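Here is what TrEMBL records for this protein:
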- 31-57: region 'Disordered' (REGION)
- THR109, ASP183, GLU208, LYS238, ASP242: substrate binding site (BINDING)
- 243-404: domain 'S-adenosyl-L-homocysteine hydrolase NAD binding' (DOMAIN)
- GLY274, GLU275, VAL276, GLY277, LYS278, GLY279, GLU295, ASN398: NAD(+) binding site (BINDING)
Amino acid sequence: LKKKKEMGVLPHKKDSTYTFQILQGVDDSGLSASYTDSSDDETSPRDKQQKNSKGSSDFCVKNIKQAEFGRREIEIAEQEMPALMALRKRAQGEKPLAGAKIVGCTHITAQTAVLMETLSALGAQCRWAACNIYSTLNEVAAALAESGFPVFAWKGESEDDFWWCIDRCVNVEGWQPNMILDDGGDLTHWIYKKYPNMFKKIKGIVEESVTGVHRLYQLSKAGKLCVPAMNVNDSVTKQKFDNLYCCRESILDGLKRTTDMMFGGKQVVVCGYGEVGKGCCAALKAMGSIVYVTEIDPICALQACMDGFRLVKLNEVIRQVDIVITCTGNKNVVTREHLDRMKNSCIVCNMGHSNTEIDVASLRTPELTWERVRSQVDHVIWPDGKRIVLLAEGRLLNLSCSTVPTFVLSITATTQALALIELYNAPEGRYKQDVYLLPKKMDEYVASLHLPTFDAHLTELTDEQAKYLGLNKNGPFKPNYYR
């Protein structure tokens, strides 16, 4: 019995026979509990007094007692994040982020935890909030808090909670951030709005998403960007791997977990054929779906045509499709007019970063009925009985409803770490108050750190070949403009 308890297999007596229940976890009452379900305890984390084993209360998570389970998840993630583990090993002697005080606002998952602990191993102090109200893994946030990281996040935050958590990260006595790691631009926006004087000591911003980068370029154009910023979203490793390969796998995972649907023969419209759209379309086509694409950019549109997809306007196919997926980073891509014309049981979801792509606000009107089906799945019902299936209330599908492949996140996280190191250590004057791309040499270094996983062996140029191509034998191998 003791051994079975240790394995998480507990005996359950029923009708004088024993059946075994595999429990995800055990709460204080001995009953099964889901670590990431925000409904198991209605008390707001803001109203709880919690301390970690070292006596610190500088955090706000769902339940600090879940830390042990979160630690196990982080250990699993480490196995699939070889580059970050290599960075830790290489930085044992030198600490390239010694003195760095990084305030972060990203998805708080096991993979982000590996990044945070790597930044700490490189010498940085970190404070962290979540950039998405649904993607936080409560047990991982607890594990980070137990390890001494000031983390302010839990799954299912309200909008007020969201901004409160960001404020608790930034507004703390005796601690002034000198670096920002942002995903979506909300943290940067909050500091600009509430604490603009902080930028006097901030050396740089590293931004990870399409939406956040767009906001940075807007600030730069208006002459309001007062520190250098690194756009890692458009680094080659992020675009080619996280945006494309990650979405190619996670789109199916998110849809399957929430709807249990079969993809073969379904008609799908994917709005946007950037790297995210390309990944989604490739996966759905491979599963036998009939895929339509909408695009505003003639180059991306031509790529969609060459890849065998029908290029359409959304209103041409909205009545017939079974699934609508947005991948644009824009706003009001799917409007109330589109939603009114959809067929019964059409599934609507968003793979872009911003929750503005689907006009969800227009659905919160008295004549429409909302029914919660399961976590992150709602039926929105029209007066005539027609319903649509809305996933994650229009927020990011793969991080709200499923998971993202860890290995891909290793590539992204390593890119973020190197961007932070570069901006933090850059001599004065190298970077002005503008938005920069990650140097190509670093992009190549990130890729090279992941090759040993596949027992992959790079070919080396001979001196003669290098001279012929006009390249350094050690790279960079492509010009900065190459995409």
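Backbone N, Cα and C atoms are what each Cβ position is placed from, and that goes for glycine too.
Remember, TrEMBL labels are computer predictions, not curated facts.
Predicted, not measured: the structure shown is a model, and the values here were computed from it.
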GLU295 (NAD(+) binding site) to ASP242 (substrate binding site) - Cα separation in whole Å: 21
Packing count at ASN398 (NAD(+) binding site) (other Cβ atoms within 10 Å of its Cβ): 26
Predicted model, mean pLDDT over the domain 'S-adenosyl-L-homocysteine hydrolase NAD binding' (243-404): 95
Cα separation, GLY279 (NAD(+) binding site) to ASP183 (substrate binding site) (Å, whole number): 20
Densest Cβ neighbourhood among ASP183, GLU208, ASP242, GLU275, GLU295 (binding-site residues), 10 Å radius: GLU208
Candidates THR109, GLU208, LYS238, ASP242 (binding-site residues) - the one closest to GLY279 (NAD(+) binding site) by CA: ASP242
Fewest-neighbour residue among binding-site residues, criterion Cβ within 10 Å, set GLY274, GLY277, GLY279: GLY274
Cβ-Cβ distance under 8 Å to LYS278 (NAD(+) binding site), same chain, at least six residues away: LEU244, GLN303, ASP307
Cα distance (Å, whole number) from GLY274 (NAD(+) binding site) to ASP242 (substrate binding site): 12
Recorded NAD(+) binding residues, GLY274, GLU275, VAL276, GLY277, LYS278, GLY279, GLU295, ASN398 - maximal Cα separation rounded to whole Å: 22
Shortest C-alpha distance to ASN398 (NAD(+) binding site) - which of the binding-site residues THR109, GLU208, LYS238: THR109
From THR109, GLU208, LYS238, the binding-site residues whose CA lies within 10 Å of that of GLY274 (NAD(+) binding site): none
Count of other CB atoms lying within 10 Å of the CB belonging to THR109 (substrate binding site): 25
Alpha-carbon spacing, THR109 (substrate binding site) to GLY277 (NAD(+) binding site), which is rounded to whole Å: 24
